[in-house]
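K.L.:
First the structure, which I've put down as structure tokens, then a few questions once you've had a look.
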Amino acid sequence: MVINAISTLKAALSDGRGDDDRNATSSCACNDNNSCPGSDTALGVGAILGSGMIAFTVIPGCCALATSKPLELKRRPLARDISMYLIALVLLHTAIADGVIQTAESYMLVALYLVYLLVIMFASQAREYIRTKLYQLSPRRQKSFVIQASERLLQVEDAAAAAEAASGTMQTAGALTLQPLKWLLALTCPECAHDAPGAARYPITLVASFLWVALFSTTIAAIVTRWGSMLRIPTATLGLYVISVGAEIPDLIQSVTVAKRGYGSMAVSNSSGSQIINILVGLGLPWAISNAAHQTIRVDLVKSLHLMANIQLANVLLYLSLLLLPTLPTWGRHSHASLGRAKGLILICIYGAALVLYPVLSFEALGVDDVHEECERVTND
């Protein structure tokens, strides 16, 4: 998400340098596709679409394979997140269609995120109101999440401590290598836990952490863009295959850890909810800010990004058919969607198929030279 924000800012600034810079850029050879306007934005969009592919296939698949029993998923949060992501994906598909992000399109993405927040905040109260006031039913009793979780959380923490104590030579070498970075982070991001002596310094830690994330994201984007320039690979493709994998590793670890504790709904919502934020906030907010500043946001490689979005749409629909469609006959009862190892393996295979399918369809439908032609078209606009 931060990579896209930085890429969008770079694209907006480069577009706002004036007609001289734009004409100079137009005269450059588009064989180096990463030098064309809009390629930075394409990098962010490709990375977010690739992250979505992982979040709806690999992460739930790994969660299912990491547990001995099938995960039980609450259907309403699952349906809510899938529906909202599909709407966000359609809006993104529409926004990038002409290669320029319009003001209304960016504002719609941000507005949809506000709607998503309102649904999360007030959906349970609305259901309870309908249940008690309209249908005259008794309120539902809910068990305490903390009481249920306490014993299992302690077991997982003990297992993690044992695994940490059994560290080997490679882990020790890695820790020594990262020690200077840890020292810098500790120096610039003071401890600010609510019960720590430096709790009042949390604004410093907050700002410093954002600056560190921006620095690392800028470095990653610069390295990947340079690789693409040397290897003649479109930035959108690098975002799909490279940046998205690195971005989703923390979500994968978190979701698998939570799934092992028995909280399947939390594990799946963690991955799917983050993708809604990626599109609506990670893309929509920088675009909205740039448009408000009267900067033009150009998107390169539109046909390639549309192909990625279509593949991701198929992934989400398959995900929906695997988890929610089998439960439609029992929707009114207190049953759950089930995510077992067989479905998990299918989801992982779907991701592998998507990675293979994208370059095949790209060369089949778009053509080898289409990327350069599209880059030249966007540059000359």
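Keep in mind that glycine also has a Cβ here, set from the backbone N, Cα and C atoms.
Heads up, here are the entries from TrEMBL:
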- 41-121: domain 'Sodium/calcium exchanger membrane region' (DOMAIN)
- 42-66: transmembrane segment (TRANSMEM)
- 78-101: transmembrane segment (TRANSMEM)
- 107-124: transmembrane segment (TRANSMEM)
- 203-357: domain 'Sodium/calcium exchanger membrane region' (DOMAIN)
- 204-224: transmembrane segment (TRANSMEM)
- 311-332: transmembrane segment (TRANSMEM)
- 344-361: transmembrane segment (TRANSMEM)
K.L.:
Quickly jot the same-chain residues contacting the transmembrane segment (78-101) by Cβ under 8 Å, restricted to those at least six beyond its ends, or write none.
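P.N.:
The answer is 38, 41, 45, 52, 56, 108-109, 112, 116, 119-120, 123, 265, 268-269, 272-273, 275-276, 279-280, 283, 287, 290-291, 296-300, 302, 305-306, 309-310, 312-313, 316, 319-320, 323-324, 337, 377-378, 381.
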K.L.:
Who are the long-range neighbours of the transmembrane segment (42-66) in its own chain, taking Cβ under 8 Å and residues 6 or more past its ends?
P.N.:
1, 3-5, 7-8, 85, 89, 92, 96, 221, 224-225, 234-241, 243-245, 247-248, 251-252, 255-256, 259-260, 264, 267-268, 271-272, 274-275, 278-279, 282-283, 299-301, 304-305, 308-309, 311-312, 315-316, 319, 339-341, 343-348, 350-351, 354
